Amino acid sequence: MSWVKSIPSSEDDVFDEDEEDTNLQKKEWRYNMEKRLKDGFRDGMDSGKEASLQHGFNMGFRDGAAKMVIVGQLKGIVSAMQCWCQLQQLDPPRLASVTELLQIIVRHEDTMIERMQMAQQHLPASVGDITDCISDLSVQHVDSCCGGVHCSGKSCHRSEGAKEDNSTFPCPSTHCSLSMEENLKQLLKSCMNLVYELDFPEELLHHVKQLMSA
Amino acid sequence: MKDSLTALCKLSGHPDSRCWFVAWNPSGTLLASCGGDRAVRVWGREGDSWVCKSVLQDGHQRTVRKVTWSPCGNYLASASFDATACIWRKKDDDFECVTVLEGHENEVKCVAWAPSGSLLATCSRDKSVWVWEVDEEDEYECVSVVNAHTQDVKHVTWHPTQELLASASYDNTVRLYQEEDDDWVCKATLEGHTSTVWSLAFDASGQRLASCSDDRTVKIWRECLPGNEPGTDTVGSDLSWKCICTLSGFHSRTIYDVAWCRLTGALATACGDDGVRVFREDPTSDPMQPTFFLSVHMPKAHSQDVNCIAWNTKEAGLLASCSDDGEIIIWHYQSEA
Amino acid sequence: MWLVPNSTEVELLFGVTCNFFITMASGCTSEDLFDAIIMADDRFHDEGFQEGFDKGTRQGLIEGRNHGATHGARLSAELSFYYGFAFTWKCIFQDSPEPRTRKKLKALENLLALIQSFPHDDPQYGNLQEDVGKVRAKFRQVCSLVNVPSDFRDYVSKGEEMSF
């Protein structure tokens, strides 16, 4: 340990030493301690990360799974309706309305997944950057979905809140969740209308209603 | 060597193309062949020679990989790289396509009828094995999709008397399936080959199964009844089969097909070294640990890879083989025994 | 990728530990001094470690969570799709006067039961891959039974290639 040499011995009066020399020793000491601190920090980071990654993955997996249940089912329902219409050779306008709804649902689902991917790509490089990242995400989020006239402003406030509070991690898939949720409700409603119009069984209508209240 | 193999007839089966597979009808009077020219041909004997009786075209858009007869002999099934299987019904002297079985994601590699004629199995590069049920009105319904293999499934074949299905795969294994609660499930995995298993053949009794592989060996597997056989660890009601014999050192390339004559017990192989070989079991050897000897070897039987070998179902010693060179050869095998 | 503490944090830490060391060192033997140096060395490391560990834990959580979210979402979207699809066909066939629906209904009910039979939101569930494989196989059988058009299969097979 070369830096041991730089430690002042107990006999010496520290203040009698040449000031420049002291400064130099102090500097080296500082440098070495800083290095130990950094090394410790790096080791700690690795251990901490290793210890929590799986837990985080499990949590995220569960959250992500829960978010897609309704939209996924809705896509399945409308896909089946579309197949049925094709097999029954329903008139083109009615088939078109089912197809159109299916396309919107698929887009909605894609957007939800894209948001999650976006969050993954924007992983913070350092803790200090987390806040930057949060604001980055908020900015993007404002651009992508709150710029419209339908924006209630509520969700924007929400993301600003996240900027101030470092302890709550942003789960970007919840960004703008209000309007996404409203959107999904709307799609469920459209689906119900089609189930009714095309005279699909009562049980299906009931099931879509249940999804709506879930 | 007293045993002999004589070429009776050479047919230009699928000219300028590969001939992939040949199959005898149950009464042994007709031979069906298929190939890279997307056609199925049916051959019949006329005097001393064999002639093409019908050509089944326009059923498939790509190579026809396998063809098989229904147990009643009135239907043909063909498996194609166009991801479908076709069912052809015999009508007078011709065949018409009555059903196209769709569902596989890509190349269908094989199709096989169960002995009852009411079940049909298909397998594909999509790693799945499908079991179809046929009703009296020729309607086919999929009863099960089994994803047991981890790779391309090359071959499927049924047990001669039971509803037991076997499949061979690029994943080096053979798998056996039985029905359970309306579904077909993998009941045994036969591991031992070190490379792709290309084909399978049950013996007449169904107690033994032969498999051939890219590892240049043929393996003989035998069913071990639970509790009856020493040295098997059978769990629950699942099937247990073990390898009782490995034929190695006889083939210098991939073995693409193996056929077990249900009349004589002779075992024939089709090999990538262009040769055809016939093996026989040493009658003095222990049936639980049998030894097979090479009865006949016909090197350069074809000018290219031999893809398939098939024993006639009624006439002992009558053998058909086909090759990448597009040719079909009909052989007569004779043994001193 | 690891974190560098900002300069104020280092300053603070450094100041405190430096004072501690000087107090320890005054009037001690050289052996004690050496021990003290080692201690300081360890202490700086430990201090950094703790700080790093906390931040690593938080970052691991975020990283794992984001990563897990997309995987969980994809799988759930796929299985939920199958569920909605099968449920709808079950409703249709239940009310249908069409003969020969028994086998179709049975397969549909099997598929619905299969999807509900395992925790597909738990990535550490041991049979996840295997059970998802069974669901996909059953879904393909159902598609064949209800005779869905082939362009639909193309649309679905895109989803089946999802590697999880």
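Even glycines carry a Cβ here, placed using N, Cα and C.
Annotation source TrEMBL lists repeat 'WD' at B:22-43 (among others). Taking DSSP states H, G and I as helix and E and B as strand, the repeat 'WD' (B:22-43) has 0 helix, 13 strand, 9 coil.
With DSSP states grouped into helix (H, G, I), strand (E, B) and coil, the repeat 'WD' (B:57-88) comes out at 0 helix, 16 strand, 16 coil. Under the heading repeat 'WD', TrEMBL lists B:57-88 (among others).
Taking Cβ pairs closer than 8 Å, the repeat 'WD' (B:101-142) reaches residues 62, 65-72, 75, 77-87, 89, 148-161, 163, 165, 167, 169, 175, 177, 184 in its own chain, all 6 or more past its ends. Taken from TrEMBL, the feature repeat 'WD' covers B:101-142 (among others).
Beyond its flanks by at least six residues, the repeat 'WD' (B:146-178) meets 109-116, 119, 121-125, 127-131, 184-191, 193-202, 204-206, 209, 211, 213, 221, 239, 241, 262 of its own chain at Cβ-Cβ distances under 8 Å. Positions annotated as repeat 'WD' by TrEMBL: B:146-178 (among others).
In terms of DSSP helix, strand and coil, the repeat 'WD' (B:190-221) has 0 helix, 17 strand, 15 coil. Summarising the annotation, TrEMBL assigns repeat 'WD' to B:190-221 (among others).
In the repeat 'WD' (B:299-337), the DSSP tally of helix, strand and coil residues is 0 helix, 19 strand, 20 coil. The repeat 'WD' annotation in TrEMBL covers B:299-337 (among others).
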Could you pull out which residues elsewhere in the chain have a CB under 8 Å from any CB of the repeat 'WD' (B:22-43), counting only those six or more residues past its ends?
11, 13-16, 50-57, 59-69, 71-73, 76, 78, 80, 88, 95, 308, 310-315, 318, 320-322, 326, 328, 330
Counting only residues 6 or more past its boundaries, what in the same chain has a CB within less than 8 Å of a CB in the repeat 'WD' (B:299-337)?
2-28, 31, 33, 35, 43, 50, 253-254, 256-264, 266, 268-276, 278, 280, 283
